[in-house]
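Per Swiss-Prot, these features apply:
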DISULFID  Cys45-Cys75  disulfide bond
DISULFID  Cys66-Cys107  disulfide bond
DISULFID  Cys89-Cys123  disulfide bond
DISULFID  Cys215-Cys285  disulfide bond
CARBOHYD  Asn72  N-linked glycosylation site
CARBOHYD  Asn100  N-linked glycosylation site
CARBOHYD  Asn106  N-linked glycosylation site
CARBOHYD  Asn128  N-linked glycosylation site
CARBOHYD  Asn291  N-linked glycosylation site
SIGNAL    1-22  signal peptide
TOPO_DOM  23-141  topological domain 'Extracellular'
TOPO_DOM  168-174  topological domain 'Cytoplasmic'
TOPO_DOM  196-216  topological domain 'Extracellular'
TOPO_DOM  240-254  topological domain 'Cytoplasmic'
TOPO_DOM  277-291  topological domain 'Extracellular'
TOPO_DOM  316-340  topological domain 'Cytoplasmic'
TOPO_DOM  357-367  topological domain 'Extracellular'
TOPO_DOM  392-440  topological domain 'Cytoplasmic'
TRANSMEM  142-167  transmembrane segment
TRANSMEM  175-195  transmembrane segment
TRANSMEM  217-239  transmembrane segment
TRANSMEM  255-276  transmembrane segment
TRANSMEM  292-315  transmembrane segment
TRANSMEM  341-356  transmembrane segment
TRANSMEM  368-391  transmembrane segment
Amino acid sequence: MRPHLSPPLQQLLLPVLLACAAHSTGALPRLCDVLQVLWEEQDQCLQELSREQTGDLGTEQPVPGCEGMWDNISCWPSSVPGRMVEVECPRFLRMLTSRNGSLFRNCTQDGWSETFPRPNLACGVNVNDSSNEKRHSYLLKLKVMYTVGYSSSLVMLLVALGILCAFRRLHCTRNYIHMHLFVSFILRALSNFIKDAVLFSSDDVTYCDAHRAGCKLVMVLFQYCIMANYSWLLVEGLYLHTLLAISFFSERKYLQGFVAFGWGSPAIFVALWAIARHFLEDVGCWDINANASIWWIIRGPVILSILINFILFINILRILMRKLRTQETRGNEVSHYKRLARSTLLLIPLFGIHYIVFAFSPEDAMEIQLFFELALGSFQGLVVAVLYCFLNGEVQLEVQKKWQQWHLREFPLHPVASFSNSTKASHLEQSQGTCRTSII
């Protein structure tokens, strides 16, 4: 039977949970994960104190002036009167605040003194700080924002994916890559909803213990979907760069390689991360990343993909500028390249370049980082759907044709007006609806 939380410990845990949000994957942490760490420390402490009392020979030892004890957050070894005992900050505080402080007690003739300094001050958590309540409110607002963002992105992505799948004239390598990107954003949104539902549905102790394996699997799925999303953003950059830099290449062969890379490479890194977590940091539901070296198994490849996309973006702009300055380039090609340049500029946030700014950001910039990664990042799928589908001239033409055919079939005596003027329609008709006439 696990002990209940004392009021002082509850007061200490509240700001700890807030601080944990900056180290988790984008939502408020589970109370039972923190409790699990506390219980592990308690069990370890009681075992050490038991061995201390019995000694190496297994015989009962005389009790010193101050008997060893567990005070609900720290383990204090036995001591003789007149000595000051120092212990590290509790593990659950160190892993959440990344601060290595110390706590002290004096052993007197009357027993242990009070702990000094107070754990909340020595270990980097100020329970009297009025900003804790504001931060909690801010994080809850962020949660609402990213829930709305992922929901709207999910709806728009499903519609966009349905459109690209429904019209055969839109089936080509470029749109196949777009569809894989849509699926990665859909999985990212769904995994986020599943994570929130499983991890934060209950803080009851029995629930936490019974569903620990399930919530770890959810976190593995969540990390895979995040990495797959970044992988397909990189594939978009690689394909666009290849299209501009190489005159002739086998799109079918490249597509097979892109698919293997986009879905396969994240599986490798996530599997390595899961193995490392299981053997080296099997704490809670794996939603708190205290061991930086293990977390870099996930974070490193993501940052590398962002840097590669940034380099690709710079080179894409260089190629476009060179083509625009070439005198041999014809007028219609100049117009095409200008449209391509404008489209490429819109890809800056999609390539995740802004994440580089926060890759090694200090703790005081964490709230700004969370805003960009959660609030704005959740709408990324919506922007992708609009850019790659709803603003695509070929898609608009195919939808317009389908609408006109349906309207003529249902209302033959009432012809429908065209969505666009005749000049635009004629221009799109000349393209024959092929996927190769535009980049996005």
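Glycine is no exception: its Cβ is also placed from the backbone N, Cα and C atoms.
As the structure is a computational prediction, the values presented were derived from the model and not from experiment.
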Cβ contacts the transmembrane segment (142-167)/the transmembrane segment (368-391), at least three under 8 Å, sequence gap 6 or more: yes
Stretch-level contact, the transmembrane segment (368-391) and the transmembrane segment (175-195), CB cutoff 8 A, at least 3 pairs: yes
Chain-internal residues, separated by at least six, CB under 8 A from Cys66 (disulfide bond): Trp76, Ser78, Ser79, Val80, Pro81, Val85, Cys107, Thr108, Gly111, Trp112
Distal contacts, the transmembrane segment (217-239) - CB-CB under 8 A, six or more residues away: 25, 173-174, 177-178, 180-181, 184-185, 187-188, 190-192, 194-195, 198-199, 254, 258, 261-263, 265-267, 269-270, 273-274, 285-287, 298, 301-302, 305-306, 308-309, 312-313, 316, 347, 350-352
Asn100 (N-linked glycosylation site) CB neighbourhood, other CB atoms within 10 A: 11
Conformational class of Cys75 (disulfide bond) under the three-state DSSP mapping: strand
DSSP state at Cys123 (disulfide bond), helix/strand/coil: coil
Densest Cβ neighbourhood among Cys75, Cys107, Cys285 (disulfide-bonded residues), 10 Å radius: Cys285
Residue pair Cys89 (disulfide bond), Cys215 (disulfide bond) - Cα distance, angstrom, rounded: 28
Using Cα positions only, nearest of the recorded positions to Asn106 (N-linked glycosylation site) (Cys45, Cys75, Asn100, Cys123): Cys75
Glycosylation sites (Asn72, Asn106, Asn291), the one with most neighbouring Cβ atoms at 10 Å: Asn106
Candidates Cys45, Cys75, Cys123, Cys285, namely the disulfide-bonded residues, that fall within 10 Å of Asn100 (N-linked glycosylation site) by Cα distance: Cys123
Tally of DSSP helical, extended and coil residues in the topological domain 'Extracellular' (277-291): 4 helix, 0 strand, 11 coil
Helix, strand or coil at Asn100 (N-linked glycosylation site) [DSSP, three-state]: coil
